[in-house]
Amino acid sequence: DEEEDYMSDLFLKQDVRPGLPMVRRVKEAIQKEEKQKEANEKNRHKSIKEEEKERRDLVLKSALGNENKGFALLQKMGYKSGQALGKSGEGIVEPIPLNIKTGLSGLGHEELKKRKAEEKLENYRQKLHMKKQANEQAADQFRIRFKTKQEERKMEGDLRKSQRACQQLDMQKDIDVPKETWFWIEPEEEDRKDEEDKEDECTSSDLSVSEKLHILTAYLREEHFYCIWCGTTYEDSEDLSSNCPGDSAADHD
């Protein structure tokens, strides 16, 4: 029989489904194709790197024999296979592993790459540390501002309390005009609904709230023997100095 053209329409249109009868030449063609695939698979050329790797792995997996001069010399010195090196047997048992360089990069490239990765990681850690410090500083500044604001509001309240006491005690002594204009609370200030949210009109002078509070409490102690922290009017200066803890809120805490 003439060799069949396997790419012809006659061959391609053959029904080769399982279970159907097949002509002899179609079966032979299929078997020939399968054998050709097996042959191609066996004869597939390996790359040089693959061959080197296979040979290297094979050598590394096999133990040293008497044909190795170094191993033969060790045996003459009393060494036995599986025994640790050294006179007392404290040395290594397995040979030092090989570190085969298979890449195309130059010497020191891996160390440079590793060093750059470590530097990048260190920079990232430093940024995280700086960010954490900035957040902590911002939180500390907020707490300080909040505490300062609270102290200022407390001093303003103590100043108003001292002004009311001063006005009441002065009027009891028939003093119609305060020693300083800000010693008394002006009438329009008492009508305010929210004194903490508005600026106090009595602080229009150059003195700060703490300075005014210190001056006014000293005046109340000297002139009226009164302590706003105790809320008590003493008989005289001797009674005040002996029974009053001090002339500030800190002394009374």
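Glycine is treated like the rest: Cβ placed from N, Cα and C.
Of all ranges given (37-71, 107-141), TrEMBL attaches the label coiled coil to 107-141. On the 0 to 100 pLDDT scale, the coiled coil (107-141) averages 90 in the predicted structure.
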